[in-house]
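Data block below; observations after.
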Amino acid sequence: MGLEEKLPSGFLLTTVEQAAGWVRKSSVFPATFGLACCAIEMMTTGAGRYDLARFGMEVFRGSPRQADLMIVAGRVSQKMAPVLRQVYDQMPNPKWVISMGVCASSGGMFNNYAIVQGVDHVVPVDIYLPGCPPRPEMLMDAILKLHQKIQSSKLGVNAEEAAREAEEAALKALPTIEMKGLLR
């Protein structure tokens, strides 16, 4: 996104990468993409009792251009999938995605043609959060695991190429569940 992509690979020391990772993980700005009942638990996590501000997430961003984390909470319909992808494409790099709830991760109990059977077919997902709906403590644990992933992410020329390859691999992956039952 900036100067770190212009540096040759191997130029940055690990301590500088660790410092940059600490800065990135301490200032993650989430964008809400609440689509169903999981969004209620996501809003609860942002309230005073759970206090996401101590993790650097003061407020959920209303614009994708100001966010670097998308929390997809709930089922995604086929008509909503292009909108989800457009919002993801508008986010600046580096960007991360948490798939919150079983509906976002695999379609959940909505095993039909109208629901995307896993949001990972639309955008690359970094953390899967199971549950129907997951508790706020589980979302906080997923955020902490994402912080660990951000802390260990590399900088430099190879970072953008690695992100592109990971996105292509995620979008070409086989479905996470098999359509069966009355529909097939």
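We count from 1, first residue shown onward.
Each Cβ is built from the backbone N, Cα and C atoms, and glycine gets one as well.
Swiss-Prot annotations:
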BINDING   CYS37, CYS38, CYS103, CYS132  [4Fe-4S] cluster binding site
Exercise. Fewest other CB within 10 angstroms, which one of the binding-site residues CYS37, CYS38, CYS103?
Worked result: CYS37
Problem set entry | 8 Å Cβ shell about CYS37, CYS38, CYS103, CYS132 centroid, [4Fe-4S] cluster site members excluded | ALA36, ALA73, GLY74, ARG75, MET100, GLY101, VAL102, ALA104, GLY108, GLY131, PRO133, PRO134
